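Student: The ATP binding site feature in Swiss-Prot is assigned to Lys11, Phe59, Arg87, Thr93, Arg104, Asn114. The active site, pros-phosphohistidine intermediate feature in Swiss-Prot is assigned to His117; the stated evidence is sequence analysis.
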Amino acid sequence: MAIQRTFSIIKPDATKRNLTGAINAKLEAAGLRIVAQKRIHLSKAQAAVFYAVHKERPFYDELCEFMASEPIVVQVLEGEDAIAKNREVMGATNPAEAAEGTIRKEFALSIGENSVHGSDAEDTAKEEIAYFFSGLELVG
């Protein structure tokens, strides 16, 4: 496998409960390096652009409201097969279905407040990274 980069968000439900360090520890324990990270507060308009792919879904407005409700932590992770590894560490979207030891099983409050977001493919990762980070911010 090749070294990849992927994008991750620590969502408002997790930042509000001061779980950034605990989540980062799980990511790093899985062999992922954090090569860029910043804490930001999205506007609803910024969340709407980022999640535009879900615009026609019934949860879209609620998702945008939630993502703009509190600060988030956006990150670029790097490692061997980083996209798949990050998704494995995150666990299933629904925390009730997530495997033991995953971020969502341990920290998520519900399917909506599920603590983390991660890119699902290489193209998506590149787009999501570019939305939040300039090339100068990516170190590693």
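Each residue, glycine too, has its Cβ placed from N, Cα and C.
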Student: According to DSSP, does the residue listed as 'active site, pros-phosphohistidine intermediate' sit in a helix, a strand, or coil?
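Tutor: Looking at the DSSP assignment, the residue listed as 'active site, pros-phosphohistidine intermediate' belongs to a strand.
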Student: C-alpha of His117 (active site, pros-phosphohistidine intermediate) to C-alpha of Thr93 (ATP binding site): distance in Å?
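Tutor: Between the Cα atoms of His117 (active site, pros-phosphohistidine intermediate) and Thr93 (ATP binding site), the distance comes to 9 Å.
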Student: Give me the long-range Cβ neighbours of Arg87 (ATP binding site): same chain, 6+ apart, Cβ under 8 Å, in sequence order.
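Tutor: Long-range Cβ contacts: Gly118, Asp120.
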Student: Neighbour count first, Cβ atoms within 10 Å, every protein chain included; then name which of Lys11, Phe59, Arg104, Asn114, His117 tops the list of recorded positions.
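Tutor: For the recorded positions Lys11, Phe59, Arg104, Asn114, His117, the Cβ with the most other Cβ atoms within 10 Å is Lys11.
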Student: If one looks at the chain holding Thr93 (ATP binding site), which residues at least 6 apart in sequence have a CB under 8 angstroms from its CB?
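Tutor: Sequence-distant Cβ neighbours: Arg104, Ile111, Asn114.
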